[in-house]
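Chemist: Let me give you the structure first, and then I'll get to my questions.
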């Protein structure tokens with residue numbers, strides 16, 4: 001086999017941070033001069049997360065080629081330079097759909113279609129297709145869910161078969177939780193032992209055990225895990241809870257020397273690892289002595305911390321070149337204290353979303369920011385809120401609205417895109433990377449320093465072309481358009497320090513080492529506003 005495979009599974013509890021671990025391993029392996037590809041296998045039966053409620057699943061991350069994916073792919077992007085595509089993700093829904101389609105097309109020659117071998121073979125096909133497309137030295141495969149979940153069994157069986165076929169080219173990392181009982185002042189290894197026993201009963205003996213814990217594990221505890229889980233002591237690693245930032249994870253794993261172990265098992269020669277640049281970024285990010293900037297996030301899914309994951313991370317990245325500390329203030333659009341909360345902030349960000357709930361609150365937030373000259377950044381639905389607000393209160397069209405929110409509005413300044421009126425919801429939006437032509441002498445051009453960019457999209461609605469001339473004649477600047485059809489991509493509000501809306505999702509391109517320029521300029525404007533107000 002021309003590539004090496006690392007399979008990452010999780011046990012004991014969910015939300016262990018497998019995605020962050022996989023992303024961190026990718027960064028460390030890249031620093032060793034290896035080309036890395038990544039694949040996330042999700043056991044849920046949805047074809048993709050595109051129609052899933054953000055309260056259940058968190059945000060939907062979109063790749064350049066227009067695939068709606070799990071938010072873990074966002075971690076992969078932010079930590080490493082891996083190329084992500086439709087080959088970087090698969091769900092049980094996709095796997096079963098392919099198997100059933102093949103059966104309907106007669107490709108199984110009348111055989112009884114079963115989980116083994118037909119479903120497992122399809123999973124193996126996904127792994128091989130990812131490797132063939134990206135041609136990596138190392139392919140990291142994260143298996144979603146927790147060992148013991150019935151949904152994961154076909155994926156684990158496929159992993160077992162794949163490892164049997166390529167024993168010298170595969171490694172299994174099992175990530176577990178090792179609880180610390182404060183009352184007894186004891187670290188308990190039994191849950192890890194049981195999780196590994198469960199995994200071994202399926203036919204997979206882990207090569208590495210990565211123990212997530214609240215406190216550092218002693219050599220004695222590692223020896224105990226080694227003994228009862230049948231792995232060498234030097235294959236037991238500790239991922240202690242991070243103190244300040246998720247971006248400390250590569251530094252933690254580097255201190256554990258886990259990559260040296262993996263490379264030696266694969267027959268690679270480890271190189272000296274220099275993470276000085278990453279350490280400097282993390283140190284700056286965690287520096288609390290910079291001027292504090294408070295950004296109000298006006299969104300409807302605030303109860304789920306992962307619903308706006310990429311937005312949160314993009315703001316965090318931008319705080320480094322903007323040279324400020326950051327506090328993100330969640331503000332409900334339905335709150336009666338909306339304007340009072342915004343008055344305490346240095347900037348307002350209105351993120352993407354769907355549906356009528358909270359819509360009027362987002363428009364109210366946009367109006368308050370425009371009236372009070374507060375920096376404001378609207379993304380996707382947020383941009384549409386800026387346009388509707390401007391139409392209502394600057395153009396004196398009081399009933400102006402989006403057709404998504406009011407199908408009977410007399411002034412539909414936001415309308416459905418041509419060809420989007422479909423009953424099928426999954427995977428039918430305008431998805432993926434599209435070009436955007438930027439007008440010189442604009443806030444957007446000042447940020448990008450170029451007149452043509454590629455940004456990722458996820459939407460059905462657009463600024464109504466029938467109202468573009470009226471909006472522009474009354475001052476609204478359309479400074480970014482898609483050359484393919486002149487779709488409005490970026491708007492700027494006139495006579496304002498910094499008020500900008502984008503139809504795309506810039507948060508999907510930001511990295512710690514390469515913050516997105518629009519977020520940097522937004523935070524810089526918020527910092528200037530804060531300093532002018534004399535805020536501490």
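Using N, Cα and C of the backbone, Cβ positions are placed for all residues, glycine too.
Look at Swiss-Prot and you will find 1-268 tagged as region 'Amidoligase domain', backed by sequence analysis. Residues or ranges marked as UTP binding site by Swiss-Prot on the basis of sequence analysis: 14, 188, 189, 190, 191, 192, 193, 224. Annotated CTP binding site per Swiss-Prot: 14, 149, 150, 151, 188, 189, 190, 191, 192, 193, 224, in sequence order, evidence recorded as sequence analysis. Feature annotation from Swiss-Prot assigns ATP binding site to 15, 16, 17, 18, 19, 20, 72; the stated evidence is sequence analysis. Annotation comment: Swiss-Prot describes 55, 353, 381, 382, 383, 384, 404, 460 as L-glutamine binding site. If you look up Swiss-Prot, you'll see 72, 142 marked as Mg(2+) binding site, on the strength of sequence analysis. Per Swiss-Prot, the feature domain 'Glutamine amidotransferase type-1' maps to 294-532; the stated evidence is sequence analysis. If you look up Swiss-Prot, you'll see 380 marked as active site, nucleophile. If you look up Swiss-Prot, you'll see 505, 507 marked as active site, on the strength of sequence analysis.
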Chemist: Here's one to test understanding: among the recorded positions 18, 380, 507, whose C-alpha is closest in space to the C-alpha of residue 188 (UTP binding site)?
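Modeler: That would be 18, nearest by Cα distance.
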Chemist: Based on the record's binding annotation for UTP (14, 188, 189, 190, 191, 192, 193, 224), what whole-number value in Å is the widest Cα to Cα distance?
Modeler: 23
Chemist: Which of the recorded positions 17, 19, 189, 224, 507 has its Cα closest in space to the Cα of residue 384 (L-glutamine binding site)?
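Modeler: Going through 17, 19, 189, 224, 507 one by one, the closest to residue 384 (L-glutamine binding site) is 507.
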Chemist: Looking only at Cβ atoms, how many others are within 10 Å of the one on residue 192 (UTP binding site)?
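Modeler: Residue 192 (UTP binding site) is surrounded by 27 other Cβ atoms within 10 Å.
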Chemist: Determine the Cβ neighbour count for residue 17 (ATP binding site): the number of other Cβ atoms within 10 Å of its Cβ.
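Modeler: 21, counting other Cβ atoms within 10 Å of residue 17 (ATP binding site).
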Chemist: Could you tally the C-beta atoms, other than its own, that fall within 10 angstroms of the C-beta of residue 72 (ATP binding site)?
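Modeler: Result for residue 72 (ATP binding site): 23 neighbouring Cβ atoms inside 10 Å.
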Chemist: Taking every residue in the region 'Amidoligase domain' (1-268), what is their average pLDDT?
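Modeler: When the pLDDT values over the region 'Amidoligase domain' (1-268) are averaged, the result is 95.
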Chemist: Given the ATP site residues 15, 16, 17, 18, 19, 20, 72, which other residues of that chain have a Cβ within 8 Å of the mean position of their Cβ atoms, reported in sequence order?
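Modeler: Not counting the recorded site residues, we get 10, 21, 22, 75, 175.
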Chemist: If one looks at the chain holding residue 382 (L-glutamine binding site), which residues at least 6 apart in sequence have a CB under 8 angstroms from its CB?
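Modeler: Listed in sequence order, they are 349, 350, 351, 352, 362, 501.
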Chemist: Which entry in the list of recorded positions, 188, 224, 460, 505, has its Cβ near the fewest other Cβ atoms, using 10 Å as the limit?
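Modeler: If we count Cβ atoms within 10 Å for the recorded positions 188, 224, 460, 505, the smallest count is at 188.
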Chemist: Among the binding-site residues 19, 191, 353, point out the residue whose Cβ has the most other Cβ atoms within 10 Å, with all shown protein chains included in the count.
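Modeler: Going through 19, 191, 353 one by one, the largest Cβ count within 10 Å is at 19.
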Chemist: Cα-Cα separation of residue 353 (L-glutamine binding site) and residue 380 (active site, nucleophile), in Å?
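Modeler: Between the Cα atoms of residue 353 (L-glutamine binding site) and residue 380 (active site, nucleophile), the distance comes to 8 Å.
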Chemist: Counting Cβ atoms within 10 Å of each candidate's own Cβ, which of the recorded positions 16, 380, 383 comes out highest?
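Modeler: Checking each of 16, 380, 383, the winner is 383.
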Chemist: Taking every protein chain shown into account, which of the binding-site residues 20, 150, 381 has the largest tally of Cβ atoms within 10 Å of its Cβ?
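Modeler: Result of the Cβ crowding comparison: 381.
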